[in-house]
Amino acid sequence: MACSQFEYVKQYETDDRLLPGCWIVLRLDGKGFTKFCELHCFEKPNDVRALCLMDASAQAVMREFQDIRLAFGESDEYSFVFPRECQLYGRRCSKLVSLVASCFTASYVRLWPQHLPDKPLAATPLFDARAVLYPSDRTLRDYLSWRQADTHINNLYNTCFWALVKSGKTNTEAHAQLQGTLADYKNELLFSQFGLNYNALPERFRKGSVVIRQRVKHVKQTADGRSKEKERLEPCVLHCDIIRDHFWQQHAELLA
Ligand code: ATP
Ligand code: ATP
Ligand code: MG
Ligand code: MG
Ligand code: MG
Ligand code: MG
Ligand code: MG
């Protein structure tokens, strides 16, 4: 109802436009996923199907929001990077955060039966979301390095923890044995006690998932019934190092 006596209340809405010129990172994280994983009997330490569902939901978000430059995911979290010059929704924080979180959550629910067909969804998955601004390419790269380093630290810890628990230790005993130990100790423990070479574990577990847009060939039917090979940009999931320079040199367009 335009120009009504009530319309003044609109003025109570605050301006939450994100600072221009900065990279925008939206990070989502599953609410109470420790319990959610238990409820759905996810494999420990890594349920690969649940990780693939996270990746597929992130790809769905990137198809919906073409502005997103890249994404990084691990465990129950995903970070989406919008470019410095992005003008989507006038950079309004609440619009961006709420739309990306709901798109991700809705996709997670929609795609669940494809990825975990034998497990009915038994709770409502929820994801919190926040926006963080990074003023330089360096701080953005350091942010992404921080998340990938976190993937490695958590995965090494969780791999040891669940190896100990599966070998008969209680949770408390396993925690106590790992408390304050360094990476070398954990690698050695896995190797000598469980015959596991940490570096031979899947890259998905050790490095998380990076989603970037890449040219993918697809076959298109022409009007006269012939098929023609075409290329289009599709969000593709990679599991590779993003801390060192190599990745950024290979994909120089990401920071352009
Ligand atoms: P919060 O609501 O504060 O985020 P949370 O229980 O979700 O609480 P997190 O720190 O986000 O806590 O941890 C997520 C948990 O879910 C970790 O224990 C992680 O190992 C587990 N998890 C996430 N994805 C998987 C997966 N694919 N397979 C097995 N475990 C997973
Ligand atoms: P925006 O993305 O800017 O919100 P929008 O198309 O969603 O764009 P709104 O102003 O939110 O625009 O309007 C929602 C539209 O959906 C209106 O046209 C409204 O009449 C229609 N609509 C919403 N719910 C119903 C419903 N239950 N039955 C019929 N029409 C509906
Ligand atoms: Mg409306
Ligand atoms: Mg959290
Ligand atoms: Mg969580
Ligand atoms: Mg988490
Ligand atoms: Mg609307």
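Numbering starts at 1 and runs along the chain as displayed.
Just so it is clear, glycine is given a Cβ too, placed from its N, Cα and C backbone atoms.
Marked as domain 'tRNAHis guanylyltransferase catalytic' by TrEMBL: 6-135. Counted with DSSP, the domain 'tRNAHis guanylyltransferase catalytic' (6-135) comes out as 57 helix, 29 strand, 44 coil.
Annotation source TrEMBL lists Mg(2+) 2 binding site at Asp29, Asp76. Sequence-distant neighbours of Asp29 (Mg(2+) 2 binding site): residues of the same chain at least 6 apart with a C-beta under 8 Å from its C-beta are Asp76, Glu77, Phe127, Asp128, Ala129.
Among the features that TrEMBL reports, Mg(2+) 1 binding site is placed at Asp29, Gly30, Asp76.
What TrEMBL records for Ser75, Asp76 is GTP binding site.
What TrEMBL records for 139-244 is domain 'Thg1 C-terminal'.
Annotated pair Gly30 (Mg(2+) 1 binding site) and Ser75 (GTP binding site), C-alpha to C-alpha distance, rounded: 9 Å. In terms of DSSP helix, strand and coil, the domain 'Thg1 C-terminal' (139-244) has 56 helix, 25 strand, 25 coil.
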